[in-house]
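S.K.: This is the structure I have questions about; it appears just below.
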Amino acid sequence: MTRLDSVERAVADIGAGKAVIVIDDEDRENEGDLIFAAEKATPELVAFMVRYTSGYLCVPLDGAVCDRLGLLPMYAVNQDKHGTAYTVTVDAKNGVGTGISASDRATTMRLLADPASVAEDFTRPGHVVPLRAKDGGVLRRPGHTEAAVDLARMAGLQPAGAICEIVSQKDEGSMAQTDELRVFADEHGLALITIADLIEWRRKHEKHIERVAEARIPTRHGEFRAIGYTSIYEDVEHVALVRGEIAGPNSDGDDVLVRVHSECLTGDVFGSRRCDCGPQLDAAMAMVAREGRGVVLYMRGHEGRGIGLLHKLQAYQLQDAGDDTVDANLKLGLPADARDYGIGAQILVDLGVRSMRLLTNNPAKRVGLDGYGLHIIERVPLPVRANAENIRYLMTKRDRMGHDLTGLDDFHESVHLPGEFGGAL
């Protein structure tokens, strides 16, 4: 196993104006980024970064800073597969030459981090790429963008970093992997940490959710405890339906059956046949009830994969005209999937969950939760109920979004798919 350094050392180095290396999850980019605080940028630091990285230097910024500086999205429809929020590129208006030199880019970085700077201090386009970090940092999105802003803030500096991916010195044309990054860190006296470690540190020292209420909820699947949460970063309320003891005198929080369910008014409440959400929620509650122990976490604010109810209805109009569920979102200028699971992960941790069997057909959901210190020991598939109204939608989820759905090609209205449930499940 690769030797890692402490988050405390990385924070101290950032505060001292040094660079650090941060590695993300192997199921995500699986890359190491060189990171330093933007306000500490010097020509020497920038030249070092350019020499050992791809050279595509970015400056992650807090959302409020982006708003103050008028940094609009680079493209209206973000199609980046990891959701990196690129904004329009910039150069400092004054004190630079062409903008590309290490000295010029250091000047632009420091200006981006300066709380006194305004939008008019920059020219657009330029040679530095600002990125908009998610509010809540790595607890909301486990990316290098958020890690850079978190590290700067934890060091007592302005919420602005500088990042770029380290390239391999052994395999030209590839990005450096973990073992090579450790050697590189030792050669240059740099701290090497992971985003997972940063998440764990923040989880131990900070809390971004609040448990507000708890009540008994009798359902047709038996009785659950409904535990309500709020988040300081979202004006949204979430509910966890809990069955049995998750963690306590007789339970250690391991091997918990968990469903993280995205809100779907049309499917969950109205019984729409355009999606499989309602039947999946019902099946999850039934499976947890039958297990006698588990959690069904109902995530509000995830309507339409995060685009909202009215946008979802607009997307339905486009689907009726021939677009699939992905293209409909993109035509509306919206991402195919805007959900994040950071708050859900914190709720599960608060409930005492340590390891889980995750009820989902969506492998991306596993990645979205796994980066938060929750150990997913198994992905448990949910049964699928296909019909003439949702078969194309299900095929799109399988073919374009990577969902693990089998039997769809053999579907016709009179035949049930493998694992389809009835009222007895």
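Cβ atoms here come from the backbone N, Cα and C positions, even for glycine.
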S.K.: Suppose a student reads Swiss-Prot and sees ARG259, VAL260, HIS261, SER262, GLU263, GLU303, GLY304, ARG305, THR325, THR360, LYS365 listed for GTP. Which of GLN177, GLN280, GLN346 should they find annotated at that same site?
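M.R.: So, going by the record in Swiss-Prot, that would be GLN280.
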S.K.: For each of HIS127, HIS144, ARG259, HIS261, ARG339, count the other CB atoms within 10 A of its CB; which of these recorded positions has the top count?
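M.R.: Per the Cβ count within 10 Å, the most buried is HIS144.
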S.K.: Spatially, and counting Cα to Cα, which of the recorded positions is closest to ARG305 (GTP binding site)? Options: GLU165, CYS264, CYS277, ARG339.
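M.R.: That would be ARG339, the closest of GLU165, CYS264, CYS277, ARG339 to ARG305 (GTP binding site).
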S.K.: For each of the binding-site residues (CYS264, CYS275, CYS277), count the other CB atoms lying within 10 A of its CB, then report the residue with the highest count.
M.R.: CYS264
S.K.: Fill in the CA-CA distance, ASP337 (active site, proton acceptor) to CYS275 (Zn(2+) binding site), as an integer in Å.
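M.R.: Cα to Cα, ASP337 (active site, proton acceptor) and CYS275 (Zn(2+) binding site) are separated by 15 Å.
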S.K.: Among the recorded positions ASP33, GLU165, GLU263, GLU303, ASP337, which residue has the largest number of other Cβ atoms within 10 Å of its own Cβ?
M.R.: ASP33
S.K.: With HIS127 (site 'Essential for DHBP synthase activity') as the reference Cα, tell me which of the binding-site residues ASP33, GLU263, CYS275, THR360 is the closest one.
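M.R.: The answer is ASP33.
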S.K.: Run through the Cβ atoms and count how many others sit within 10 Å of the one on PRO142 (D-ribulose 5-phosphate binding site).
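M.R.: Looking across every protein chain shown, the total is 29.
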